[in-house]
């Protein structure tokens with residue numbers, strides 16, 4: 001009968017526990033990825049590989065078991081939470097929907113701004129293409145004019161051979 005005494009629940013009022021709440025901090029599961037740890041008999045349990053819960057003083061071998069543990073009843077009780085969740089009121093739900101709707105509108109505004117920015121970039125690219133085309137047309141015209149000028153040059157050469165010169169200027173004709 002002595003063994004029953006250790007399993008009995010303590011008498012008196014139950015300690016008042018808070019309702020279960022969402023975690024504020026982020027659970028760090030990625031810090032130990034890809035790291036190697038050497039374990040021997042004298043290694044402390046915190047450093048023995050896997051995940052260690054300081055509150056419950058237990059070591060867990062993988063991330064799934066660790067998440068199950070920190071979300072479990074025993075761990076939450078040690079933190080001072082009951083496993084009961086606060087009931088939402090109609091006002092809470094309406095406020096939550098309004099917040100989500102505002103968030104969605106904000107995202108849409110960002111998307112619209114991005115689309116507008118892309119449209120501006122496309123317009124600028126089109127304008128640059130038009131400028132390049134105009135420059136090419138201008139170059140072609142200029143090139144045709146040069147060819148026509150080269151065709152006229154033989155007459156100038158003929159005039160030089162006949163002794164008709166310029167007005168004794170130092171500038172060369174274009």
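Glycine is no exception: its Cβ is also placed from the backbone N, Cα and C atoms.
Nobody curates TrEMBL annotations by hand; they come from automatic prediction.
Under the heading region 'Disordered', TrEMBL lists 1-24 (among others).
Among the features that TrEMBL reports, compositional bias 'Basic and acidic residues' is placed at 9-24 (among others).
The domain 'U1-type' feature in TrEMBL is assigned to 48-82. Helix, strand and coil content of the domain 'U1-type' (48-82), in residues and according to DSSP, is 15 helix, 8 strand, 12 coil.
Annotated region 'Disordered' per TrEMBL: 105-174 (among others), in sequence order.
If you look at the compositional bias 'Basic and acidic residues' (121-136), there are no same-chain residues 6 or more away from its ends with a CB under 8 A from one of its CBs. According to TrEMBL, the feature compositional bias 'Basic and acidic residues' maps to 121-136 (among others).
Sequence annotations record features per position, and here TrEMBL assigns compositional bias 'Acidic residues' to 147-156.
Secondary structure of the compositional bias 'Basic and acidic residues' (121-136), assigned with DSSP and counted as helix (H, G, I), strand (E, B) and coil, comes to 16 helix, 0 strand, 0 coil. Summed and averaged per residue, pLDDT over the domain 'U1-type' (48-82) gives 87.
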